[in-house]
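S.K.: What follows is a structure written as structure tokens; I'll ask about it next.
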Amino acid sequence: MAGIRRCMLFSFLLFYVTECNSRLKKYNARPAVLATSGSPWPLPRNMTTTQVQYQVDADNFKFMLNTGTPSCDIIVKAFARYKVIAFGPRSETLKFRPNFRRRPNKENTVNQLTVRYVQPCDQYLSLESDESYTLVVTGNTASLTANEVWGALRGLETFSQLILPQGSGMYVINNTVIHDAPRFKHRGVLLDGSRHFLSVLKLKENLEAMAQNKFNVFHWHIVDDQAFPYDSIKFPNMSKLGAYDSNHIYSQADIKDVIEFARLRGIRVVPEFDSPGHTQSWGSSISNLLTKCYKNGSLDGSYGPVNPAEESSYNFLKSFFGEVADVFPDHYIHLGGDEVDFSCWESNPEIMKFMQSMGFGKDYAKLEEFYMQKLLNIISGYRKGYLIWQEVIDNGAKVAADTVVEVWKGGYIDELAKVTSLGYKTLLSSCWYLDYISYGSDWRNYYGCDPQNFNGTSAQKALVIGGETCLWGEYVDDTNVISRLWPRASAIAERLWSDESVNSVSAAEGRMEEHRCRMVRRGFDAQPMNGPGFCPVEFP
Ligand SMILES: *[C@@H]1O[C@H](CO)[C@@H](O)[C@H](O)[C@H]1NC(C)=O
Ligand SMILES: *[C@@H]1O[C@H](CO)[C@@H](O)[C@H](O)[C@H]1NC(C)=O
Ligand SMILES: *[C@@H]1O[C@H](CO)[C@@H](O)[C@H](O)[C@H]1NC(C)=O
Ligand SMILES: *[C@@H]1O[C@H](CO)[C@@H](O)[C@H](O)[C@H]1NC(C)=O
Ligand SMILES: *[C@@H]1O[C@H](CO)[C@@H](O)[C@H](O)[C@H]1NC(C)=O
């Protein structure tokens, strides 16, 4: 109805005639799911909107820092970014904008967002950061308040989602009051730079999409068996011999670039250097690091996991992880520890001898624990925390108190109960492996998986600090990473941000439809999620 009214109002202008005719025509096709209009994703904790609607003056709109609020590059750059995110790139806007525009009625116009927060800016987001904020849009004043700059970033995203393009350079926003804070502190996306290289450009595009979905951790699974694209300062041969080729390497400058891009958006970069398994690509440059495998009593030319019986292995790890601890500013490093294949260790007489001398018998899980313990001690020596895959705990390693255990296997409901009963901070990713694809609207399954849905005390539940969605790279590269991840990952974004009670798929699907089209409008190749439908073309 609103569209038709506007058309009649403007029909004296030649410019509108074509558009109005098409708007007045009655089409019979209907999408499978009707999109909402002006609903943010993920849903804020407490949001009240009224039917009162204000115009937003895109041309003169200002983001203002309240006097007394400590400025920093994070907020200054966010203001510039959100002007474009909310109102579209300026050149595009001009292309479609008619010469005659209705002058905004000053009474009824929002032309400024005043932002205030209390604490001086941190340089980097951390697990302890406060992302809460309050957003109030009433009359011609809109204000955003937070404790920390990180809350201001989250509030800017929500504000930008409330602004609705009406076509012809017009925007509106409803009277709104929001009190918001995330349910979980760790809301991650894992991308795999080893199975297929992902360019810095695509990583940044993904980080931008993450920020717009309020994800706050980029788990960078940067190396694995297949390739070692990390360009080490101390061990340059690791990428020279371990990458696919010289064009598929992350230089130190690339890594700084990614970390800085993420920092400005309140996203932590947690690198993963997985060992002792998943290290085939390390072996081509670091001699004697990997276990030599035997068959029928003689060397067969293949290699297994890192050799845990050699002191030289630990000397290398100490040196290498010292570099990693310097290069990546986040407190946490992901150390992997998953899927260790024992068969090569079992075949090797040197390892057998070592097992005997240590009194491990034939229990190779003990050997793995021995290795992880030494590695964990090295990392603690650098005053870093670590994340590990669940096997490290399953094998009984003693880990530091601030360790984060990532539950990724089947049977995760029992595993969550077990890991939290041991007192460790825990992340869930088992139900969010987006590299598994299937026909249909699979976001509904991801949406239904809750990381606190296990039998445990409230103290155990409180140890669940969030989760991660994993997009492993066997069948993913620059060509499809965005469309495969988005907006499927958005389902998980809402599960990790919004209140536990926000769990109805039927209540979410219309907002998901709107969110997907909003991502498309903002330039992401986000795939359709709800069956047949369309995104309306909204002229900026
Ligand atoms: C939501 O916010 C309103 C004030 O805007 C407050 O009265 C209400 O108690 C809040 N509800 C919850 C569940 O926090
Ligand atoms: C915003 O206001 C419009 C116009 O009054 C109304 O139709 C719409 O339902 C409101 N939207 C929300 C989310 O309250
Ligand atoms: C790096 O690899 C090259 C070629 O295999 C070799 O000649 C050189 O000694 C290696 N450098 C180091 C530091 O291992
Ligand atoms: C191992 O040796 C036995 C007997 O010497 C032989 O039958 C078998 O084929 C060998 N296996 C492999 C994998 O080489
Ligand atoms: C929790 O325990 C109850 C009683 O043993 C059981 O019925 C229920 O299925 C369990 N829930 C989960 C999520 O494991």
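Glycine too: its Cβ is placed from the backbone N, Cα and C atoms.
Heads up, here are the entries from TrEMBL:
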type	residues	note
SIGNAL	1-22	signal peptide
DOMAIN	40-162	domain 'Beta-hexosaminidase eukaryotic type N-terminal'
DISULFID	Cys72-Cys121	disulfide bond
DOMAIN	184-499	domain 'Glycoside hydrolase family 20 catalytic'
DISULFID	Cys293-Cys344	disulfide bond
ACT_SITE	Glu339	active site, proton donor
DISULFID	Cys517-Cys535	disulfide bond
S.K.: Quick one: pull the CA-CA distance for Cys344 (disulfide bond) versus Cys72 (disulfide bond), whole Å only.
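M.R.: A Cα-Cα distance of 53 Å.
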S.K.: Take the Cβ of Cys517 (disulfide bond) and count every other Cβ within 10 Å, whichever protein chain it belongs to.
M.R.: 19
S.K.: Taking helix as H, G and I and strand as E and B in DSSP, count the residues of the domain 'Beta-hexosaminidase eukaryotic type N-terminal' (40-162) in helix, strand and coil.
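M.R.: Tallying H, G and I as helix, E and B as strand, the rest coil: 39 helix, 35 strand, 49 coil.
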S.K.: Select the most exposed residue of Cys72, Cys344, where exposure means the fewest other Cβ atoms within 10 Å, treating these as the disulfide-bonded residues.
M.R.: Cys72
S.K.: If you skip the near sequence neighbours and keep only those at least six away, which residues in the chain come within under 8 angstroms of Cys535 (disulfide bond), Cβ to Cβ?
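M.R.: Same-chain residues close to Cys535 (disulfide bond) (Cβ under 8 Å, separated by 6 or more) are Arg516, Cys517, Val520, Arg521.
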S.K.: Inside 10 Å of the Cβ of the residue listed as 'active site, proton donor', count up the other Cβ atoms and send me the figure.
M.R.: 13
S.K.: What whole-number Å value do you get for the CA-CA distance of Cys293 (disulfide bond) and the residue listed as 'active site, proton donor'?
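M.R.: About 17 Å separate the Cα atoms of these two residues.
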S.K.: Counting only residues 6+ apart in the same chain, whose Cβ is under 8 Å from the Cβ of Cys121 (disulfide bond)?
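M.R.: Once residues fewer than 6 apart are set aside, Cys121 (disulfide bond) is near Pro70, Ser71, Cys72, Ile74, Ile75, Glu148, Val149.
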